[in-house]
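Notes follow the structure.
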């Protein structure tokens, strides 16, 4: 498969509420160093030379996004977000198809502002050279336990376990098909790769940095602030 790519569209599903943060607003609108997490994330994606545009999925009743400068950025297109991640991604893919923006898309979590450009480079290379596409992932280093009712059942072999990260990059049309078919069948889709897995396809794993973590808990904010202060790409 060709490894030449002129540009890619980044999709950012940002319609979630982030209830585990126990904050007064969705976590993507919490601020780190004067900017919202969503602004950090989108600015990092747009700083990559091959990311030409962002399609961000936002809830229709979101009162915070219109106040951001992003709302006036011509490279950032807003679409209506859905109740689930897959619905938001499909909404973005519909926009991309209607405007014929790109054959390739990379989907990135709104709450992963610490992704490095070098990892995006590796992801693009990995996706372009694979029949299905690719995701960033990090090998599991900790001992893993399967539990039930607050007790350990057994230790899980970690040799072949990976933490799925984002971005995840695929051709737009096959991703739309995979997500649509999975949702029609009532399949639980937690990331884009899982839709392809359900169809019996195996996206490539591209080893990424472990500091590309998802902000989920209140204590994650300080860690993200540290990584962002160190990341001068």
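Including glycine, each Cβ sits where the backbone N, Cα and C put it.
The C-beta environment of residue 20 (site 'Transition state stabilizer'), restricted to residues of the same chain at least 6 apart in sequence and closer than 8 Å, consists of 216, 217. Mapped onto three states, the DSSP output places residue 20 (site 'Transition state stabilizer') in helix. The site 'Transition state stabilizer' annotation in Swiss-Prot covers 20 (among others), and the record cites sequence analysis as its basis.
Under the heading site 'Transition state stabilizer', Swiss-Prot lists 27 (among others).
All protein chains considered, the CB of residue 158 (site 'Positions MEP for the nucleophilic attack') has 13 other CB atoms within 10 Å. Marked as site 'Positions MEP for the nucleophilic attack' by Swiss-Prot: 158 (among others).
Here Swiss-Prot flags 214 (among others) as site 'Positions MEP for the nucleophilic attack', drawing on sequence analysis. Within its own chain, residue 214 (site 'Positions MEP for the nucleophilic attack') has 109, 111, 112, 220 as residues 6 or more apart in sequence whose C-beta sits under 8 angstroms from its own. In three-state terms derived from DSSP, residue 214 (site 'Positions MEP for the nucleophilic attack') belongs to neither a helical nor a strand segment and is classed as coil.
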Nearest-integer angstrom distance between the alpha carbons (Cα) of residue 158 (site 'Positions MEP for the nucleophilic attack') and residue 27 (site 'Transition state stabilizer'): 31
